[in-house]
Amino acid sequence: MSMKTPRAFTRVAAGFAASIVVAGCSSSAGAPGQAAGASSGAGGSAGASKPLVVYTGATGDIQPIFNPYLPGSLGGGGMIFESLFFYNIVRNEAPRPRLGESFSWNDDGTELSITLRSGVNWSDGRPFTAKDVVFTLNMIAKYKALNNTGYRGKATATDDTHVVIKFDEPSFLDGPQILGRIWIVPEHKWKDFPDPTKEQLREAVGTGPYLVDDLKPQAFTLKANPGYRDGEPAVKKIRFPSLSGNQSGATALKAGQIDWQTGPVPDIANVEQSYPGYKLIITPLNQMVMDTCANADLGCKGPQTDPAVRQAMYYAVNRTQLNALAFENTSAEISPSMALVQRDQAVMSGRLQNKVAPMQPDPAKAQQILESAGYAKGADGIYAKDGKPVKLTLKTVAGWTDYITAADTLSQQLAKSGIKVTAQQLSYNEWAGARQRGDFQLMLDSLFQGPAADPFYVYSYFYSTDSTDKVGGAAGNNVSRFSDPEVDKALAELKKIDISDTAPRQPYFDTIQTRIEQAMPYIPLLTQGTINIYNAGKFTGWPAKEDLYAFPAAWQAPDASEIYLRLKPTGK
Amino acid sequence: MRYYLRKFGFYLAALWAAVTLNFFIPRMMPGDPVSILMAKLQQRGGSVNPEARRAYELLLGTDTGEPLARQYLSYLGNMLHGDFGISVSAYPVPVSEVIATSLPWTVVLVGIATVLSVLVGTGLGMLVGWRRGTWLDALVPATTVLAAVPYFWLALVLVAVLGSALGWFPLIGGYDVDFTPGWNLDFLGSAVHHGVLPALTIVISSVGGWLLGMRNMMVSTLSEDYVLTATAKGLPNRRVMIWYAARNAALPSIAGFAISLGFVVAGSIVTEQVFSYPGIGSKLLEAVQNNDYALMQGIFLVTTVAVLGANLVVDLLYSVIDPRTRAGANA
Amino acid sequence: MTDLGPDSPAPRRAVLPRSSPKLVTGLALIAAIALFGVAGPLFVGEPGAINDIGLAPPGGGHLLGTTQLGQDVLAQIAYATRGSLYIGVLVGVMATVLSALFGIVGSYVGGAVDEAFSLFSNVMLVIPGLPLVIVISAFVPPEQRGAWTIAVVLAVTGWAGAARVLRAQTLTLRNREYVLAARVAGEPAWRIIVVEMLPNLLPLLASQFVFSVIAAILSEAGLSFLGLGASNSSTLGTMLYYAQNGFALQRGAWWWFVPPGLIIALFGCGLALVNFSIDEIIDPKLRTVPRRIRQRRRAPAPVERPAPDTAVSVRNLSVTYGNAVPAVKDVSLEVRRGEILGLAGESGSGKTTLAYAINRLHRPPAQVTAGSVTFHDRDGGDVDVLALPPGELRAFRWSQLSVVFQGAMNSLNPVMTIRAQLEDVLATHRPHLSRSDRRARCARSLELVGVDPARLRSYPHELSGGMRQRVMIAMAMLLDPQVMIMDEPTSALDVVVQRGILREILRLRDELGFAIVLITHDLPLLLEVSDRIAVMLGGEIVECAATEEILAGPRHAYTRRLLESFPSLTGERGAFVRSGEATGGAR
């Protein structure tokens, strides 16, 4: 998902590390008290004992919060606490077992049976059983504030290794959330907490591959769990520094103090020359779009409520230039179906006009769309209809320099097709508020993916009537206020079909994709690459383009834990 | 006595005004913590389904539905008890704890740097004023230029030269995390080593103001009769310079010093940003960006109390260093 | 305050700064940068125009290279300079108006308004500005966002300090005669403020204005660095922000990062230099920069003792200020042991300069250009005062020749106790004395001049003017000097106290036998007390004779004129001072 623009992070990255994020401190590699740049000198001696230093974008002092259900929790899912399965969101593949061994649904998707691994112990030596799973599920069902997966089932343990969850309605698509994003906690520790929503959990007992080593305001360190069921991980220590942003990240990286960073680096094209031993991997995942407040029925105002205007903008954009100028060519093609171009090839509808949005502008097409919708160019070169010119405001966040550049580039490009777009910068707070209230015409934004490699989630988050509200109200994720009964119906039907049952799902995907290609409430721009720079000299086993066994992003849980489990120190 | 009562009244009024502003300003800010959290989680790659939003609203919800007046009263009550509430951005850590971990860093680093720059600036100002007409005069425009350079710009350039290029100092952080914070030599040494560059930049950029102020006062004071008397008395130059001229010339600088000490907390935001220094300034910035009202209010209050406290101390101290104020106090 | 210069009527405060290299440099810097900001954008291309040569170093088509996006750095700087100047001037104007409103009006009106205004500005000063800026700037509607918003925010949070300074200054002005006169005449308050007071506050206001312009430009840059700046307008701060976010420094693109900072620094420097000149108007003492003058060695060695009872002989002494104005011209004079030598003359006649030169207390730019001063010790040695090396000069001062200055009010250090100021004389000149001996001597010397030794613990401000002058005299006698120079020792005191002190001096002279050089413009007084009188005019001694001779037949026309200007000089000479009878006497 997303990671908005690299540079955006600078200011915004924020203390809200979220359940996904980790943090820790900097000067890892340098010998104690030694000046910057000492890291490479650490070679030879005891490379294996040197921690892997990961910068997740965390800022500010680190507070000891290990409760995985709180937004500021450290470590992230999959590290100390584990889920039952791992869902890879960048590759269409079967879920991999973690605490679970296998699972199956009944035919109508109302009952989920899970078989757990046996012989797993908590880090305090007590055995892990189905009771812990049931306890965890019941706890999040009871405390709505912890229930960030929308779990609505009723769980029972049939024996120590079997759990059955019953649902009132077909819930195939809740599976990845429940199996992949609920972190199982030990009943024997948690049952005594008076209110788990207020529990910081300074000392965490989990089943995961890592344990808390130490915590300082500048960094926290995790150490390998010697009793981990698959053997102690090869990377013995992982340190997460907290810096003031990407500038400091770049500084620390230059000094060799960081082994893995997700985020922008200076001069992306030449990373491997400027940082010897380091490698770069860019994974396109976030779909960068212009949000439009599209639905006049729900109170949206402005030319963008006309689908013809949105279509025209879609064709008028020069995506190649946009990618080069604003994103240093780190972004990739996008599909107007909002299915990911590579990953979701199989489910992309054959009825789409374009499977992939054109990288070159098509001003003629834009002109034709506008003119056949009744627009005519005014004296100022701007199209107008009924005396109302096509003039729009595009909101971006002050400080997100690449988005600001993108906005400027877009307004220059669109002006050539007779559409006047004025870029406006807002503070992050205002931007987020305006986005939720529908107080905008256009907004640069990006759509994020769900818990499994399936486009259903994007459709359900951003296109369903359920997750929107009228202008002025607090919309969920569907900030465009798009509402289409056909799409809603298709989404409801999809929920009744098992994800692995591809053939029956396709007609519904066809419907959704063609409807949204036509309506285009989010104007697709590019699929933005998530940039990772990592020290391939000190550690091997990193994900590669050919082997994306997890989504590479230091802040992404539980993907990061999958990566740590595969890394091996080279001893250098 | 009336003097002290008036002073006390002033500080009380100022405190009340600050605390009240502190209550209202955050509430007038756009956005709410949950939306911001959601938007951030999204950018971070979190799956923020509608349920997650509801969950966090329940968790972090600040909208109690109470009327503003009641909120204000209970806020005043809590402030009196030192209860600043829970930080939303570090939920569920109490604000007082968040502040307690950050404050010492800022106080020590910026405090020492401020004291240093006052001492160096005032000392140099004394010399420049005393030896007017010599090459020392060149120090005045030279340090003024340094003060006119944007602080962060100077800091970044120094980092690039002294840190990156020459490698004399660590670039970021407040200490080497291999050491455990506490009273051990390794840690303290590392903390000092990390503090040199930030402190240096603060001193360089602020020393000019003190120097100029002191030098101007010194020049004024030197034409006072008591300085002439002291010279005629045949006192050694040092004694005339320090006890007769500087002792009087430094009085305004001391008042300025109080105010600047109070701003240690506020002024450290940029420093801490540049050096990723673990202090209260970066916390404040974070609180503002996350709409963390409780944390904002806590830091704001700490800052205000620091400024007021520093002023109060100097007001009291002033009657010691300048006996004439005591006369006013008795009147 | 002792006026060391040629005594001239207090100069009217200048309104325009004097031209100096600093001022010229400062103005040139400001003008150049302002011109660049105003006219520059007309000559450069579109700053936002993007092209493909990102981060090109300076040269070729781009004089200052390009940004990451291939934008011309020079064009950006031109626009950014304009933006920053705009903000700076806006803030300067607004903050100055606010501070004038709260500082001047409040303190002029006085009473509750003053209290309220003063409290308000103190609170504003105490409330930390930067957090407030962050918070306020976050909630201005985005449509109005930009330079204006930031300017308003910076002005609102930045005026309070200036208001305090202005208030203090206004309070002193309010009690000046011309203001009081205008009030009595019933002029309306606004007129008094604008016409009478504002011109005098102008330099201060100008200085505050300049200061807020610098502060505003720097603050804007700082806010931009934090990502809270004027996001929708182009300023040097936002430019730096983009440069920094584009990793300009890390990528070695100094041409992108260094120039904006440099422009701010140079502009700030220019303003600061101008402020120096304004400071000189506010405080004229800052103006004269004394140049250290190498003492020219003069040939004449100690003059031989003209008579056995000569204590000091001054020969052909000339003192000039700078290279132009001679304040003392070729003066020769002798002071005899135990006598009272009166030095008379109007203000500006050079008598103070002469007295100071005798003790080498004159300060640059005054310098002795010719002549010699010889001190004849009663133990037989002769001292060439003008040739003494610094250490010996210090030892000579006070122990042989002490000085009681004009204006007792200011001669004592306000922050030291009387005891400390008396004792440091002893500690310097009589280091062997024990602490208790020192104390005893100080106490005794006070008793000698009729001051209760309990006063040793007092600070000068706790003593009356007369008492302070007695303390000064006690101090002057502490080391039993052979000569004492008294410069208008009593002129600031009321008549009764004056006479009391003079009586004391005469008594002590009679007891201890030191010589006194008594400088005053008060001729009747001199006639009463002194043995001989020297009359100075235009830096020269025009007449020097025994008092009786002068009274009987003044030789110089000027002396005659002086005497004639005091009509009642016919009374019994010295009756008042010597006997203490409060009979008319002089005046």
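Cβ coordinates are placed from backbone N, Cα and C, and glycine is handled just like the others.
Just so you know, TrEMBL annotations never went through curation; they're auto-generated.
What TrEMBL records for this protein:
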- B:103-318: domain 'ABC transmembrane type-1' (DOMAIN)
- B:7-25: transmembrane segment (TRANSMEM)
- B:105-130: transmembrane segment (TRANSMEM)
- B:151-171: transmembrane segment (TRANSMEM)
- B:191-212: transmembrane segment (TRANSMEM)
- B:249-275: transmembrane segment (TRANSMEM)
- B:295-318: transmembrane segment (TRANSMEM)
Among the ranges B:7-25, B:151-171, B:191-212, B:249-275, B:295-318, the one whose Cβ pairs under 8 Å to the transmembrane segment (B:105-130) are most numerous: B:191-212
Chain residues outside the transmembrane segment (B:295-318) and at least six past its termini with a C-beta under 8 angstroms from it: 7, 11, 14-15, 18-19, 22-23, 26, 75, 79, 84-85, 87-90, 95-96, 98-99, 103, 251, 254-255, 257-259, 261-266, 280, 283-284, 286-288, 325
Interface check, the transmembrane segment (B:151-171) with the transmembrane segment (B:191-212), three or more C-beta pairs under 8 A: yes
Residues from the same chain, set at least six apart from the ends of the transmembrane segment (B:7-25), whose C-beta lies under 8 A from its own: 71-72, 75-76, 79, 297, 300-301, 304-305, 308, 311-312, 315
Outside the transmembrane segment (B:191-212), six or more residues from its ends: residues with CB under 8 Å to it: 108-110, 112-114, 116-118, 120-122, 124-125, 128, 139-140, 143-147, 149, 151, 154-155, 158-159, 162-163, 169-171, 173-176, 181, 253, 256, 260, 271, 274-275, 277
